[in-house]
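> Once you've had a glance at the structure underneath, I'll fire off some questions.
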Amino acid sequence: MIIEVDGLSKSFTYHKKELGLKSSIQNLFRREMQTKHAVSDISFSIEEGEVVGFLGPNGAGKTTTLKMLSGILHPTSGSAKVFGYTPWERKNEFKRQFSIVMGQKNQLWWDLPANESLFLNKCIYEVDDVEYARTLGELTELLDVKELLKVQVRRLSLGERMKMELIAALIHKPRILLLDEPTIGLDIISQRKIREFFKYYNRDKKTTIVLTSHYMNDIEEMCDRSIIINHGRIVFDGGLNEVNERLGHKKIMKLVLSEPVEEWVLNQVGEVKEFKDTHVKFVFEQSEIKKMSRWVLDHLPVIDFTIEDIPIEEGIALLYQSGGEKHETA
Amino acid sequence: MRLHSMYLKTFSLGVQNSLEYRTNFFLNLFGAIFPILIQFFYWRAVFTSSGQQIVFGFSYNQMIAYSVLAVLMSKLIGTTFQYEIARDIKDGGLNKYLVKPIGYLSYRIFCFLGEKSVQMLVVLALSVIIMLLLNAWLDFPVNLPYILLFLCVVPSALMLNFFIYYSLSAVAFWFTEANGAFRTFALLANIAGGGLFPLDIYGPVTKAILLALPFNYVIYFPIRLLSGTLTGPEIAAGAMMQLVWIGVFAALSTLLWRQGLTKYIAVGG
């Protein structure tokens with residue numbers, strides 16, 4: 001196990017500000033402090049070479065978790081071990097072995113060309129000259145940014161800058177790569193390129209990748225395993241295709257009818273998810289598939305029908321809704 | 001050897017960064033002319049209306065020379081990194097340093113020295129020209145040993161100022177928006193250091209208090225040295241005090257930063 005997390009929690013205190021100027025002035029003198037539990041008692045472990053995605057709505061605690069894993073934040077309670085080190089002790093030997101990329105932050109010097117910042121990282125991580133030249137050549141080739149190394153970072157497009165950020169993060173060949181929203185704000189083609197790059201990089205170098213995203217596609221394409229987190233708790237841990245099993249093997253049946261039917265008739269059959277004129281959508285248990293189909297075909301004026309799995313997005317939305325109750329899985 | 005190259009690179013990035021915006025760089029220096037002019041007219045008015053040859057123990061010529069040098073010295077040792085640090089703390093930009101095997105303090109020192117070095121060369125060159133002008137025009141004593149001694153205490157003044165403001169920048173951990181505190185502090189420190197007027201114009205009690213504070217070793221002491229008004233033992237004592245204060249503020253900043261980092265909440269992103 002390269003990462004082991006046990007009962008990790010983090011809460012923040014902050015003050016509330018009501019709408020308007022009056023409360024701003026009140027806030028100058030008296031502040032009502034509140035506590036937010038960003039992450040509550042999460043536990044998981046990750047093996048070397050895995051690609052794990054943290055999925056969850058905004059504010060679910062994904063980024064906070066990554067920040068604790070990288071040692072930026074101290075947890076309120078609980079423990080974490082990365083290569084056996086406790087991240088927030090911030091040992092240099094620990095720092096040399098991982099990298100974190102934050103999609104909304106940049107580590108490159110804004111006013112200077114990227115290769116200056118890359119060279120600074122070379123010096124910081126004590127990469128030797130030959131190794132540096134080779135890694136840099138390989139990465140710029142893969143990401144197709146060789147020509148841009150000498151351009152001031154502030155003149156690069158968002159996608160180009162992201163690629164430079166990645167090179168800066170990978171120049172010392174980290175064993176773990178933590179990515180916080182790596183594709184945020186990028187167009188679809190750049191997103192795809194970056195994803196392909198990560199997949200290749202993981203296969204080629206066996207680097208462990210932990211990423212957060214709220215784009216389903218990121219997770220679906222890159223990660224064999226996802227940890228779905230909501231309100232600071234883990235609600236699911238496993239392959240995305242297993243989300244359905246976790247929801248109890250539900251299926252969706254879509255019908256097209258030749259003429260509209262009264263809703264009470266449909267309600268006899270099962271749970272109506274959507275109903276509009278001649279289009280009906282049922283949700284039902286997989287075990288009832290035969291019974292359902294037979295009844296529907298016998299009693300309703302069906303002209304077309306399909307049976308599908310619940311789409312992953314919807315499954316995840318269902319998990320978000322079920323929220324904190326059923327954490328502790330897998 | 002390796003570590004050495006890391007700091008060298010940081011230094012060189014600091015230099016490059018300060019040269020990236022040339023216009024800004026020169027305008028920044030050019031801006032120093034206006035306080036000099038204000039001081040000049042101010043003291044001319046004071047001396048004319050008082051009708052005396054000596055005001056606060058300074059002759060007119062000495063006063064003008066002091067004022068001009070004080071503005072240059074303030075420029076020479078001035079810091080702006082505290083604003084950058086506060087922004088890093090407020091917006092979470094500090095994260096990128098925390099995850100790297102590099103000390104933030106040493107990173108900042110070398111970056112500061114790099115950014116400062118070009119400016120210092122230009123300001124020092126300007127100072128030489130101005131001193132020669134002052135010499136021709138106001139009989140300002142130009143004395144090579146004093147100039148050399150002056151050049152010896154300038155690095156200490158610079159480092160002392162660095163550590164004072166590095167300590168100060170840690171308040172950003174407690175007050176999320178610290179720029180107001182920085183401005184006020186910079187103004188007071190400049191006055192207390194003799195950047196506006198020589199400390200002699202304040203009453204004896206105030207002067208004694210100000211001399212006990214660290215700020216006078218940043219501006220007042222080097223200029224008095226340069227003007228040739230200090231004796232050998234006074235110079236030695238002053239240089240000694242500079243080192244003592246550097247030690248005090250280095251210790252203070254370490255303490256504040258250690259405390260502050262445990263409060264750091266790494267906002268955003």
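Cβ from N, Cα, C; glycine included.
Any TrEMBL annotation is an automated prediction that lacks curation.
Source: prediction; values computed, not measured.
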> Kindly point out the range from B:80-99, B:180-199 that TrEMBL annotates with transmembrane segment.
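Based on what TrEMBL states, transmembrane segment spans B:180-199.
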> Please indicate, using numbers and ranges, the residues of the same chain that are 6 or more beyond the transmembrane segment (B:235-257) and have a C-beta under 8 Å from a C-beta there.
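Sequence-distant neighbours of the transmembrane segment (B:235-257): 104-105, 149, 152-153, 156-157, 159-160, 163-164, 166-167, 170-171, 173, 214, 217, 221, 225.
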> Mind checking which residues reach the transmembrane segment (B:118-138)? Cβ under 8 Å, same chain, six or more beyond either end.
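Sequence-remote neighbours of the transmembrane segment (B:118-138) are 15, 18-19, 25, 28-29, 61, 64-65, 68-69, 72, 75-76, 158.
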